[in-house]
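Copied from Swiss-Prot, the annotated features are:
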- 5: N-linked glycosylation site (CARBOHYD)
- 38-58: transmembrane segment (TRANSMEM)
- 81-103: transmembrane segment (TRANSMEM)
- 127-147: transmembrane segment (TRANSMEM)
- 128-263: domain 'Fatty acid hydroxylase' (DOMAIN)
- 142-146: motif 'Histidine box-1' (MOTIF)
- 157-161: motif 'Histidine box-2' (MOTIF)
- 163: N-linked glycosylation site (CARBOHYD)
- 167-187: transmembrane segment (TRANSMEM)
- 190-210: transmembrane segment (TRANSMEM)
- 238-244: motif 'Histidine box-3' (MOTIF)
């Protein structure tokens, strides 16, 4: 009976691996680009700006399309070009001047080889969930410390709070110290779990999307916090309240740490 169960489990794992293999085989045709030292920065910037662009378009249209305002957390606010351009400029500058040298050092110290086989689907999902939970925990601790210690707040985190009403391009409007800290959290978690390169790519896409959505200022019916049950995920309304009140909702994504420490505040309780 045990052998029969083990055989079924082996077939299930093999099938889930085959499910991802065509995608991985296709990505491997771009192996030279993926293994290039330029790829991490190129991938990060293009993914980030690609996710920001729809919200920028919505912000431009919002004054002319009143129906869009029903989805805005702050219906009367739309970022001006003088708010958007500094955010875009800072993101590009920091990625070129600071992030690229760091990724170059990591590329030289830890060369990556693309394995021939894709990860099992269950393993990929498990690692992505663990990466998100670890990042959420690390940033929660970092975030609370930077709000409780005035010097840390002034030196590293104050810049991110210059825009009290969030918008997508303000997601990475932060000091270089904060940006690099978030990058280190990502890198450590991926190395700790020994994630497959495909898992790493998908995790980064999900993480960038969730962070942009958190700052977008739009609460849609399909927003992440409406899709995750039981109030486990805070989402855009949760994080927007942090930007307006400062002393609550420190976790970027999930709600458990704020619940445990008594810093969770509902957007409905404003």
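Cβ atoms are placed via backbone N, Cα and C, with glycine included.
Mapped onto three states, the DSSP output places residue 163 (N-linked glycosylation site) in coil. Looking just at the motif 'Histidine box-2' (157-161), the mean pLDDT is 95. In this view, residue 163 (N-linked glycosylation site) is surrounded by 19 other Cβ atoms within 10 Å of its Cβ, with every protein chain counted. Within the chain, the transmembrane segment (38-58) has long-range Cβ neighbours (under 8 A, six or more residues past its boundaries) at 68, 84, 88, 91-92, 95-96, 99-100, 103, 107, 167-169, 171-172, 201, 204-205, 208-209, 212-213, 216-218.
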